[in-house]
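Since the structure comes first, as structure tokens, the remarks are kept for the end.
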Amino acid sequence: EFNGSFYQPSAFLMMGIPGLEALHHWISIPFCVLYLTALLGNCLILFIIKKTQSLHEPMYYFLSMLAVTDLGLALCTLPTTLGIFWFNMRRIGFDACLTQMYFIHILSFIESSVLLAMAFDRFIAISHPLRHPSILTKATVMKIGLAIILRGMVSLLPIPFLLKRLTYCGKTELSHSFCFHPDIMNLACADIKVNVFYGMVILLSTVGTDFIFIVLSYILIIKTVIGLGTREECLKALNTCVSHICAVLVFFIPMIGLSMIHRFGKNVPPLANTLVAYTYLIIPPALNPVIYSIKSSHIREALLRALRRKSG
């Protein structure tokens, strides 16, 4: 029982889907399908890009980064989510929770940055096609990838320490089947202004900035496309961006929604909060490989060639 002195719980209790606990075994079926799609789909994307020499170019290097990030996100939440649905394993140690939270947030920030890099790639490819190979060389792509990882790791490094310094009130029940910074922070009975301020600054200066630059990239792309000669050329140029636009919408819409709910939606029903959280962390890793397999003719053709070789 909390007695007013410094208190840090040994563990937290995670939540499945509120009000539907009796149906968790049945609910686990679509979750298993989504996780399986995320794991197999992203591994397949990585395999095809590695084995197909014609796909060794910036657009597909960035797609590989997106696939690796999506694999990481799926693997971060899979054990705790399916553990609750299958075995009602709600307990997670305090340090384990902070570790899971750190990697979930890092991978989310990395995904945002990779989507920005992909927008930049599309802008250069459409606006300056002749200079594209010289601007985005293999070395430049590797430097961009390294910078993305370092930005995510360094910007989020203080978060676990800011949470460890807090006194908790004895409440240990989280809102999700995974650990999320605002969720843990709201269980504290200490002053959390520093956590709120730092979290907001980091979110706006990373994901917020990425989103603004993605929008600006597409404004410039549309401006360039309008200046193209024929309608067919315009449609062909825009068609190369459809997969990326879908990936941006699938990632940013639920992420913004979840951030708003945690900060301002105190009267939002718990079920709505839970569904938005699952949409944010599970749907993009499952949908991205499907979107790129359907919309990218190069990926689709390479996949069909691989299947023919297997059947032959």
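Easy rule for this one: first residue shown is 1, then count along the chain.
The backbone N, Cα and C atoms fix where each Cβ goes, glycine too.
Keep in mind that this is a model prediction, so the values were computed, not measured.
According to TrEMBL, the features are:
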- 23-49: transmembrane segment (TRANSMEM)
- 41-292: domain 'G-protein coupled receptors family 1 profile' (DOMAIN)
- 61-87: transmembrane segment (TRANSMEM)
- 99-120: transmembrane segment (TRANSMEM)
- 141-163: transmembrane segment (TRANSMEM)
- 196-221: transmembrane segment (TRANSMEM)
- 242-263: transmembrane segment (TRANSMEM)
- 275-294: transmembrane segment (TRANSMEM)
| query | What else in the chain is close to the transmembrane segment (99-120), if you only count residues 6 or more beyond its ends and a Cβ gap under 8 Å? | reply | 59, 62-63, 65-66, 69-70, 72-73, 76-77, 80, 92, 144-145, 148-149, 151-153, 155-156, 159-160, 163, 178-181, 184, 206-207, 210-211, 213-214, 217-218, 244, 247-248, 251-252, 255, 281, 284
| query | So what's near the transmembrane segment (61-87) in sequence-distant terms, Cβ-Cβ under 8 Å and 6+ beyond its ends? | reply | 14-16, 24-25, 27-28, 31-32, 35, 38-39, 42-43, 45-46, 49-50, 100, 103-104, 107-108, 110-111, 114-115, 117-118, 121, 138, 141, 145, 148, 177-178, 247, 281-282, 284-286, 288-289, 292
| task | Might you confirm whether the transmembrane segment (275-294) is in contact with the transmembrane segment (242-263), defined here as three or more C-beta pairs under 8 A between residues 6 or more apart in sequence? | result | yes
